[in-house]
Amino acid sequence: MAASELYTKFARVWIPDPEEVWKSAELLKDYKPGDKVLLLHLEEGKDLEYRLDPKTKELPHLRNPDILVGENDLTALSYLHEPAVLHNLRVRFIDSKLIYTYCGIVLVAINPYEQLPIYGEDIINAYSGQNMGDMDPHIFAVAEEAYKQMARDERNQSIIVSGESGAGKTVSAKYAMRYFATVSGSASEANVEEKVLASNPIMESIGNAKTTRNDNSSRFGKYIEIGFDKRYRIIGANMRTYLLEKSRVVFQAEEERNYHIFYQLCASAKLPEFKMLRLGNADDFNYTQQGGSPVIEGVDDAKEMAHTRQACTLLGISESHQMGIFRILAGILHLGNVGFTSRDADSCTIPPKHEPLCIFCDLMGVDYEEMCHWLCHRKLATATETYIKPISKLQATNARDALAKHIYAKLFNWIVDNVNQALHSAVKQHSFIGVLDIYGFETFEINSFEQFCINYANEKLQQQFNMHVFKLEQEEYMKEQIPWTLIDFYDNQPCINLIESKLGILDLLDEECKMPKGTDDTWAQKLYNTHLNKCTLFEKPRLSNKAFIIQHFADKVEYQCEGFLEKNKDTVFEEQIKVLKSSKFKMLPELFQDDEKAISPTSATSSGRTPLTRIPAKPTKGRPGQMAKEHKKTVGHQFRNSLHLLMETLNATTPHYVRCIKPNDFKFPFTFDEKRAVQQLRACGVLETIRISAAGFPSRWTYQEFFSRYRVLMKQKDVLSDRKQTCKNVLEKLILDKDKYQFGKTKIFFRAGQVAYLEKLRADKLRAACIRIQKTIRGWLLRKKYLRMRKAAITVQRYVRGYQARCYAKFLRRTKAATIIQKYWRMFVVCRRYKIRRAATIVLQSYLRGFLARNRYRKILREHKAVIIQKRVRGWLARTHYKRSMHAIIYLQCCFRRMMAKRELKKLKIEARSVERYKKLHIGMENKIMQLQRKVDEQNKDYKCLVEKLTNLEGIYNSETEKLRSDLERLQLSEEEAKVATGRVLSLQEEIAKLRKDLEQTRSEKKCIEERADQYKQETEQLVSNLKEENTLLKQEKEALNHRIVEQAKEMTETMEKKLVEETKQLELDLNDERLRYQNLLNEFSRLEERYDDLKEEMTLMVHVPKPGHRRTDSTHSSNESEYTFSSEIAEMEDIPSRTEEEERPQIRGAELEYESLKRQELESENKKLKNELNELRKALSEKSAPEVTAPGAPAYRVLMEQLTSVSEELDVRKEEVLILRSQLVSQKEAIHPKNTMTDSTILLEDVQKMKDKGEIAQAYIGLKETNRSSALDYRELNEDGELWLVYEGLKQANRLLESQLQSQKRSHENEAEALRGEIQSLKEENNRQQQLLAQNLQLPPEARIEASLQHEITRLTNENLYFEELYADEPKKYQSYRISLYKRMIDLMEQLEKQDKTVRKLKKQLKVFAKKIGELEVGQMENISPGQIIDEPIRPVNIPRKEKDFQGMLEYKKEDEQKLVKNLILELKPRGVAVNLIPGLPAYILFMCVRHADYLNDDQKVRSLLTSTINSIKKVLKKRGDDFETVSFWLSNTCRFLHCLKQYSGEEGFMKHNTSRQNEHCLTNFDLAEYRQVLSDLAIQIYQQLVRVLENILQPMIVSGMLEHETIQGVSGVKPTGLRKRTSSIADEGTYTLDSILRQLNSFHSVMCQHGMDPELIKQVVKQMFYIVGAITLNNLLLRKDMCSWSKGMQIRYNVSQLEEWLRDKNLMNSGAKETLEPLIQAAQLLQVKKKTDDDAEAICSMCNALTTAQIVKVLNLYTPVNEFEERVSVSFIRTIQMRLRDRKDSPQLLMDAKHIFPVTFPFNPSSLALETIQIPASLGLGFISRV
């Protein structure tokens, strides 16, 4: 359709306005071709006749539909023109408070002049990894796109930030660099990203200044290249600077300042290190007081100085160099105060000893006289001679200022060089991202050389920008295979040629600078002669001969020629530079080292504008003394070279554009000046982008988006299965002009205005549908009214007809009753028949099935019995064979031994005949044995007597004491009774006398009393009546008071209950916070530990880098560097020898051995002292003294009691020391390694071993306890000073200490008594044994008796030796004397043995003689015996039945099999393989049963080793396969089960409540593993956090697509037009995740956890965390995506949430707290759907959205965007009303939810009912080396 057809009545247009630039108006009648006037109605209510231009006849711009206003991308607008762009930016900036907007490939950033909470860490995380078109516009989105394209395309990137001063360029560049630093991190531990960010405050201090437009204006351009390695981590950076504004050093305009560094120096002048600089107030210096505004509001220059120094230190600039920099800067300030006095018109002088110059020379280290001379003179060189000429005051002042500018420029270069050196990296740079922060187009009332260079640079950048935009458009058309038509766009190459071509402005300027008498006027005339009337872009002002005008791409700019030549030359007197070069201050000559060198623009020095300030070169050799100024590059030439280099860099990268807009000149927050905005939009190229887009096909839709949006315009017959063909058919009918659209491969391209036309058709169709709906509803209402009237008329008929109907109904009821009776009778008959048949059938089936089942059972039983018989028979056969073999062997042995015994018997018989003399020799030995036996008996009797005496004495003493006490008490009582009786008699006598007197008085008074009685009775009756009345009143008051007290008690009870509930909630919150803090610390510790392990591995790999082609690993290199380190790469190398592990094993266990040795030393010392005390007690008991000596109170008794008390005290002290030492070790482990409480003790033991005495250990323990207490809790919650808590802790410690002392004392007494009993028992046993041996010896023959007695004596002496060796271990002298006596006795025995040997030899000789004779006799007898009689009969084998073993629920393994156990059960166990068919938690049960066996053996080393290996192996598995959900879930379940087993069988009463009696028997008996329980709990927390991270990584890609983007309810959401950003996303096609995908994943997670036997409470916590992640990520994306904030999207979200709730119901997880985590998302969806107009709506929103913060509510309201024309935007006044109502709400100012937040996890105790003895170990685990016990 024609464009003129859109100008119908009520169409809205834009018309120009001098104030507002563009105004909106509405057509009052249709436009017809040929009309010259349009009747318009303005928004303010006025009517206007708008005349069309008779020449062009251009109609005013049409306004976009309201649903397109406020779009994220300006290219999504249907009408692309200047007013539409301006209005869209204003609506977003003012109404929605959105400062970023896309314009195609450009990000438009408007300075809000207010700090916004949109740059935090959470926002960075939200944009990280997202596509650019998926999120709202942001500088972080541009940075993410650059970072992603760098990684994907492996091409360098550039971010070009431009804009005029005050638009926010520096801040935007800073945020982009911060994003790279946060997302990428650094490749080393040098914190390169921090250094990159630290360069900002340095460069701002020396390169930024306050201007009238900006308080922190960058007065130079910079290009920062941030380098990345192959893993795309920051490794370094490099900075180039352009065109430093040196003139600001010596001159500032009104209300402006010099560079910040000067004011920071003045503000810090009072610091002691700055006293030598002799600075003062900024108003005291000429170079800082010209602007009259030395202070910036809200900025503390002293603090900024501290930040600058800190940044310098971070970048490696030493303190000496920093002081050198400040010294030079202070010298510049003092140089500005140097004054000159005129002698005459051509000469001047400096006053003698001029203070500013003296200070300058002192600071610079130069000669005063020489500097004073050359400031007032200059040297002129001719061909033959050199002259020194004085200069005028004005020339001297200019020369001074030129020198100050030159020094500052050189210093600026030097600082940039050092910053680049600090940011330089030795690692090879793989790619980089450049951030260009450069000045925008500038035009002032007076424009000079600086503005000319700035605008020249912007012309080059604009040309590059235009070409890039044109290239992207061409690529898009070619990609979609659309015919490419040439788009006419503005090419500013003629303007660039005018400036930089041959005989251009810069060329003529350089030529004029070479002329000896060249001036600005002559240069201007050359410009006029060369370009005037020849170039259309060059003009001459009418009223000036010293200016020229250039038509730039943005605007016309008039430049004043004055000062161009001087600024281009940038001349400084060479003699002044020579003076500075001769300075004694070493740093100053360094600044001028490059004066003689030709500096390349690529170097760091030339990268700033400072290379443009050069002094003339030194004289050439041919002409000494002549200054070679013609060889020096001018400022313009250098700037042109730098600009060419910059353009080459930008052309070699992929550019990203950020255009900063300054909304107003007064720095008012969120104030939009349309005039200023339009100027900048024209200048920065945004409108040119719009024009290029509008010239082609700016509106682009995918076929699916077009179908979804305009499905309403299609008929049912038009809808085909092929969406592309459907769209083609519909468009051909809707838009007849085929030039207005094109069909691409995936998209439809529309000309400008066509989308608005389609929207109009859609709105008309929907409006017609609405009218039809209204018509239908109105008809329904009238029809309803008619029906009510009709109903009233019918009611009368109803009553008349009712009677007839009732009669008829009665007949029908009777008929129906008869039918029903028949039906039930027939049913009864059929039912009975059916039941009989059914019963018979069931009986037959039961017999048949029983028969079959019995047959099947018999078959199975036969097979089972056959197997058992086979097993028994085979076992019996094997045993029979074995027993036969054994029997044969034993028989052979018996025969042989019998033969040898017979021979020996014969020998002994022979010897026995001659042993009479041998018996006489041993008669003395028997006597000695008898004497020893008698001595032992006597000692036993004495000992028994002593014990009996001691017990009798104690009993007598106690009985006598009790008798004396009872007698004493009885006497005391009788004495008291006597005293009382005596006093009572005296008092009774006195009372009798008094009574007699009283009786007489009573009789006399009786009469008076009787008289008064009557009177008193009357008064009393009256008084009683009065009292009764008062009593009734008091009762009433009492009841009222009681009632009031009851009410008050109720109120107080209620208040106390409320307070109790609140305090309970607060304590729960505090507990959760504390638990969360601890678990976060644990998480951070594990992260740092992993980081440390990774770095350690990297260092190891770097040290042991294999040579090329040689892949073997050094055999000495450990594959497991620490207990907690596991490297999958190293572990996979199979050629590492096993002996490496064996060498490392002692190192790993070294810490444990040290700890054990320390513990053993303590216990040994304690045992030694106890033994000594026991010896003293024995001596005291063995003394034979009188009974009264051992009586209570006797000296010996006191000695015994003192020794006993001292022993108990010493034991208590020792135990306290052991407790202190243990607690110190534990606390240090918890402080350093919270999760490795008992595994890593090497460092702690070293610290403990350094503490030599007990005092140091105790003091360290107390100090550590105080620090732990102070760091663990926040005492301010309990008391301001923490005194109450400290007192409470002290009392608890004292109580515990007293209780431990009492228990230890009790135990010591019991142990001592038990030791004495044991000793008595041992003596009894020894006595009995001696008697038995003696009886046995007496029964033996004399020869054997002697040998047995000797053997017994040797055994006794050996035992005695061992006993005394143990007894005298602490007293070597006594032990030595005992050994000497023992040796003497052994020598005596040896002598006796020698004598006996002699006699034995003699007897043997005799036996040989007799043996020969006997042998001859036996040979003759054996010949007469047959061989058959020699063989004995075979012995019948006896079958010994095996007793069934009763298992104790323990598993036994050898120490050397521990690594195999851990490997098979943990390291190589795969949850998806073998573990699927296991009992849930079987590895945990097996490990615990192994621990039980080690506990049963009392082997603490084995327990420690097994637990440590288990924990480390689990960590290794999780490090290697930590991304697998099943693995992490499996080991979380098993770790929890292992922890529960340690609790359940710990023996503590709290954990034994649910145990069976059999389970209680299985409790640990020897070790308390509470510390290991804490270690396992920490490990479980780490596994849980890792599980949450795995869940998050799996769910995160699904959440946004499934919860927000996918249309679960088809047709509800309307698709709006998308801009260019949606087409240029980094990922071409995302995964099509739906809500079903999320639910399937949740089902998968839940089934895996249930399969692994995870605790139900833990599953609830995991589900709660999953739902929190879903809700947080969904809400965060909703808050950052304007296209998602609509009514229809709210309905989609609520439906999706209901599906998640349904999933919770199906899994019985509604009480898990997961639903509550979705509450913020639910409220946000409700907020999108509720009405948002009136104050009542605002009140309802405030009460409804209690889970959302104020910032989130306001953000959603600001982002709310209508999808259809029938929806309305939220007004600004309504949002302000909401803000006013919520201003008192105290909530977090944070906008986004913390998606990384992990709820604190708890592990409720869950005992197992499984009996340990019933657990079978599957063969698939490969644990055949362990056995059940």
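Each position is counted from 1, following the chain as shown.
Just so you know, glycine gets a Cβ as well, placed from its N, Cα and C.
Within the set 598-630, 994-1026, the record from TrEMBL flags 598-630 under the feature region 'Disordered'. Long-range contacts of the region 'Actin-binding' (643-665) within its own chain (CB-CB distance under 8 A, at least 6 residues past either end) are made by residues 89, 93, 103, 105-113, 139, 142, 145-146, 149, 153, 155-169, 172, 176, 213, 223, 240, 242, 434, 436, 440, 456-457, 460-461, 464-465, 468, 601-602, 671-673, 676-677, 680-681, 684-686. Listed binding-site residues: Gly163, Gly168. The one with the lowest count of other Cβ atoms within 10 Å of its Cβ is Gly168.
A mean pLDDT of 86 is what the model gives for the domain 'Dilute' (1508-1784).
For the binding-site residues listed here (Ser165, Thr170), the lowest count of other CB atoms within 10 A around the CB belongs to Ser165. Residues of the domain 'Myosin N-terminal SH3-like' (8-60) grouped by DSSP class, helix first, strand second and coil last, total 0 helix, 24 strand, 29 coil. One way to see the shell of the ATP site is to take the Cβ centroid of Gly163, Glu164, Ser165, Gly166, Ala167, Gly168, Lys169, Thr170; the remaining same-chain residues with a Cβ within 8 Å of it are Asn111, Asn214, Ser217, Ser218, Gly440, Cys660, Lys662. In terms of DSSP helix, strand and coil, the region 'Actin-binding' (643-665) has 9 helix, 8 strand, 6 coil. The Cβ neighbour count for Ala167 (ATP binding site), using a 10 Å radius and every protein chain shown, is 25. Compared over the binding-site residues Glu164, Gly166, Lys169, the count of CB atoms lying within 10 A of a residue's CB peaks at Lys169.
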